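Colleague: The structure's right below; bear with me while I get my questions together.
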Amino acid sequence: MSTINNSTAAHSGQNTAADPAQLQFNSSSPHVDPHQLDHISIHSPRRILFLYGSQTGCAQDVAENAAREARRMHFSASVSAMDDYDRSLLIREHFVVFVASTTGQGEEPDNMKKFWRFLLRKSHPSDALDHMEYTVLGLGDSSYIKFNWPAKKLYKRLLQLGAIPFYEPAYADDQHYLGIIPENVIFQNSFSLSFDQKDTTTSISKPEPTPLSADIPEPGTFLATMIENRRITNPKHSQDVRHIELLINDPLFPGYHPGDVLSMRPRNLAKDVNEFLEYSGWTSIADDPLTVVENLADHQLPKHISHRQTLRSLFTNYLNVFTTPRTSFFQLLIHFTPNEDEKDKLREFVSPAGQDDLYSYSHRMRRTIFEVMQDFKDVRIPLNYILDVFPVIMPRSFSIASAPLVSVQEQHQSGRLNGCVSPAVATSNGQLDAGNIEGELQWKVDLCVAIVHYKTKLWKWRVGICTKWLKSLHAANDPGLPIEGGENTASETETPSGGPSQFMVRVQRGTLKLPKDPSTPLICIGPGANKNVLFFGCRKRAMDYHYQGEWEQLEREGSLRVFAACSRDQDDKVYVQHLIEAHGALVWKYLHEEKGIILLSGSSNRMPADVTRALQRVISTYGNMSIEQAHDYLTKVEKEGRFQQECWA
């Protein structure tokens, strides 16, 4: 933020914005508080707005860290997700910094999509934002083809609307070994924790304290009930892969389509939270009611977090102390240890020269925030800073593994929910099963989830926060689980006492999209259709050939051709790229002659590049092209949406 100086602030404080009615730059909420406009244009001449689009929290972390630095320099800095910002106020902003990450194959983060669609409206005049100075910071990964695509498109669109860049856009690369190195920051705590006073008197005249608030459902989320949580890999196999079935019974649920993803916000397990609270010395007050007080008008509590909490509820449901910390966390710790040796080590970690040491200490070993605090023994985070220092648990997304046309009635005729599951069935076209008496919509959503559980080079076990939580949840078919009838309650717990686990979920469009014409051939490549082909990769047929029975049944019915690459079942390893080349004639026929679609899913490490090279060789061989021409051909196919990838790290 060193580029922000007094002259720039003075310029940005000029009241040069045109009349909102003349600009016609309005959001879906036309009624704007005039006092809020006055605050922006008059009372805060040194105002800076940071708008971020973040999928995993990285862009949010960068924006908040930059805002702390701006406040240290006596600017009034506001931070908001793009979709949470009141877009009708944009015409009054004079100085805006956009931070945009990338998700999927060059897609905008979920909390940026509405803002981006708003900017794309053709009704906006070309000078709508000519009063605004801005810059864009993109966060991406150069190993992907569409590197920093949302940030680049955002920068260009703002230019088209007349905004003036005060600095050239910057595109950060996750592949760069230095990462993001923040400057030293000293900041005021954004929030304070006000504990309820304990009444030691017998007086009955005092008013009752405000009760603890229930979880605030996030917009667009729906209650899901877990009806199956089953391991599908061989018990002797090192990888635990789960088949999870969820039931959503909500008349407002819009359904889903093939290729969509399901997101959920996980929770920390009780035993882990207890250990952290005990280490921090907060066990005795962990269950005392408190109120979260906002100290800064421009930094509000995330909307899904209630102001009435306990420390236990904050660390169980919202704050993530069991994730690998970002560099900014080490920077913040400098202010919370009196030990000069620890200060020096932390300063070294956040310096350019110390990035190799930081990577070896933190990222390579996947140390958690809690473990870092245990290593730096004199670090003590004051309670009033926990919401500034510890990151919020972010939602996790999983590809939906079921077809929306498969009915709950067909899959669960055994009545595992003891009457909780009615025969009502919703299909992708909204039709109800004939057996539906009450007309209730019920949707079954299947997930195929690999439980993250591995050892680091220090031989310490590491687990994924979300998959560990999912594994702990109880399903309706768990033996000995008491099931009660009646309506569901929105309780989320790892050890339910009265029924299967329930939690809130959201369905979002994924990166894979099926063709509108059902006769279009599909070539599916991944860790597992008329004339569809599946290239399935696994290690051993007897260990991790997911859904083998279903694939083979479809093949017997003539609906699918399956080629399984079980890499460890023979001396010479065989991967899906080898089978693609072995069946190159079929691949070329479906791709070129019948204009088929290739769907690639799996790890984002070597697999996408290996498969891409195999496809290029097939195109070169059977299309009589050079490798360069084959590369151009495949690029053209990708632009047409006929080569889609959904890969994950």
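Each residue, glycine too, has its Cβ placed from N, Cα and C.
Per TrEMBL, the features are:
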BINDING   101-104, 139-148, Asp174  FMN binding site
BINDING   Arg366, Arg396, Ser397, Phe398, Ser399, Gly464, Ile465, Cys466, Thr467, Trp648  FAD binding site
BINDING   Ser567, Arg568, Lys573, Val574, Tyr575, Val576, Gln577, Asp610  NADP(+) binding site
COMPBIAS  488-500  compositional bias 'Polar residues'
DOMAIN    48-192  domain 'Flavodoxin-like'
DOMAIN    219-503  domain 'FAD-binding FR-type'
REGION    481-502  region 'Disordered'
Colleague: What span in Å does the NADP(+) site cover, taken as the longest CA to CA distance among Ser567, Arg568, Lys573, Val574, Tyr575, Val576, Gln577, Asp610?
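Modeller: The NADP(+)-binding residues span at most 18 Å between Cα atoms.
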Colleague: Counting across all protein chains present, how many other Cβ atoms fall within 10 Å of the Cβ of Ser399 (FAD binding site)?
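Modeller: Here the count is 19.
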Colleague: By DSSP, how many residues in the domain 'Flavodoxin-like' (48-192) are helix, how many strand, and how many coil?
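Modeller: The breakdown for the domain 'Flavodoxin-like' (48-192) reads 46 helix, 37 strand, 62 coil.
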Colleague: Let me know the most crowded of the binding-site residues, choosing from Ser101, Thr103, Ser397, Gln577 and counting other Cβ atoms within 10 Å.
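Modeller: Checking each of Ser101, Thr103, Ser397, Gln577, the winner is Ser101.
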Colleague: Given the binding-site residues Ile465, Ser567, Tyr575, which one's Cα is the least distant from that of Ile145 (FMN binding site)?
Modeller: Tyr575
Colleague: Would you say which of the binding-site residues Ile145, Ile465, Val574, Val576 has the most Cβ atoms within 10 Å of its own Cβ?
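Modeller: Highest number of other Cβ atoms within 10 Å: Val576.
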Colleague: For Arg366 (FAD binding site), which residues in the same chain are close in space, meaning a Cβ under 8 Å from its Cβ, but six or more apart along the sequence?
Modeller: Thr324, Thr456, Arg462
Colleague: Distance check, please: Cα of Asp141 (FMN binding site) against Cα of Ser397 (FAD binding site), rounded to an integer number of angstrom.
Modeller: 19
Colleague: Averaged over the whole of the domain 'FAD-binding FR-type' (219-503), what is the pLDDT?
Modeller: 81
